[in-house]
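Trainee: One structure, pasted below without further comment.
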Amino acid sequence: MFYTQLEAAKEGFVTDEMKIVAQKEGIPEERLRELVAAGQVVIPCNRNHICIDPEGIGKALRTKINVNLGTSRDVTDYDSEMEKVNWAIRLGAESIMDLSTHGDTRIFRRKLTGECKAMIGTVPVYDSVIHHKKDLAELTAEDFLDTIRLHAEDGVDFVTLHCGITRQTIDQIRKHKRRLNIVSRGGSLLFAWMSMTGQENPFYEYFDDILEICRLHDVTISLGDACRPGCLADATDVCQIEELVRLGELTKRAREKGVQVIVEGPGHVPLNQIQANMELEDSLCGSAPFYVLGPLVTDIAPGYDHITAAIGGAVAGMHGASFLCYVTPAEHLALPNAEDVKEGIMAFKIAAHAADIARGIRGARDRDDAMADARKVLDWEQQYACAIDPERARSIRDSRAPEKDHSETCSMCGKFCAVRSMNKALNSEYIDIL
Ligand code: SF4
């Protein structure tokens, strides 16, 4: 009996989920099976997430985007979190990560896996404190594993586990003296737990037990990068790369046990280091799908970090990242509201699309070519139809409409419209400007 997509693929079996993904991506089912068997594509779909519409993640496929949401101690409003979920689905996000750190997390998590067709991800280390109602230092290794089990039973499709941070990292961080230390929330919790208890990271020490839990429900492990750089100065440093080497080893162990794996990546990275980061991950982690947060290409734009991150996301995607975690304008400042969520999703849909074109994903440019054709003939309805956000495009044009005698143009150039002039010139028509 197959428990996971990876096990089925290795045995030469094409699952229903593989058939759906192959059809969506426009690639042969057998080719997709080979990619899943090699671990280069994952299909995160927990057996208990009945309503999921499966998606594949891997650089041979369209780039997918994830939307983070969830409650915090200061903002505990599940209705507003559900509003964000609905926006995310409507705008085409393929994945939602519930990062709730306050309130009744299980009810919300079960609502997500009970109603959402998108992939659902969580970070069980956050929930360990809440579920067991214990402070960090009182939690045991078994408590952490119990939380993973709980999330797996609740139908979560992928879990971020910071398995690569170990006691060795504690020495490394102290010795290396980073500019901004550890900025991963899960990573900092495990660092603190190890420091307080003197024990090894349970997600590393009991990795084989975790693999058994994940295998049973086909939960994909997203190997978290606890040492992802939180500023440009720390990018690609020894702490980040040392952890990445370990993530590569863990990827291999997971695949051998039939568990699907993606690897998480930075963070804050200067543009000129992004390609090297993607190639390192590809080489060290056996071409496992790479899931990046941004990366943000400058540290100085709070309020605009959906833009700094989308620039990095597009370049990362061009060089092989296949899963982009969105960033909103509220990054580094506050819990995002619904408007921030929308801005973040649109920025990352654009980044993912730009990456797909650059990677030569089949059919990725078709809509761009249709847009060019519509622009050539000044067909505004067709331009809206091709637009990534038709509503916004229409409302901007309508709010500043051109005068009636040149209504086919827009108010940017009016009768100086280059497209209009060229169409008329090539048709041997008179071009009136005044
Ligand atoms: S008026 Fe200018 S901006 Fe507008 S469609 Fe024509 S060339 Fe493009």
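Cβ from N, Cα, C; glycine included.
Model, not experiment: these values are computed from the prediction.
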Trainee: Looking at TrEMBL, Asn68, Met97, Tyr126, His162, Ser184, Arg185, Gly186, Asp225, Ala226, Cys227, Arg228, Glu264 are annotated for substrate. Which of Tyr206, Tyr291, Tyr304 sits in that same site?
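Mentor: Answer per TrEMBL: Tyr291.
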Trainee: Give the sequence-ordered list of residues that share a chain with Cys410 ([4Fe-4S] cluster binding site), lie 6 or more positions from it, and have CB atoms under 8 Å from its CB.
Mentor: Arg397, Arg400, Pro402, Cys417
Trainee: From the centroid of the CB atoms of Cys410, Cys413, Cys417, the recorded [4Fe-4S] cluster site, which same-chain residues not already listed sit within 8 A by their CB, in sequence order?
Mentor: Pro402, His406, Thr409, Ser411, Met412, Gly414, Lys415, Phe416, Ala418, Val419, Arg420
Trainee: Please name which of the binding-site residues listed here, His268, His332, Cys413, is nearest in space to Arg228 (substrate binding site), Cα against Cα.
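Mentor: Spatially nearest to Arg228 (substrate binding site) by Cα position is His268.
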Trainee: Roughly how many Å separate the Cα of Tyr291 (substrate binding site) from that of His268 (Zn(2+) binding site), to the nearest whole number?
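Mentor: About 14 Å separates the two Cα atoms.
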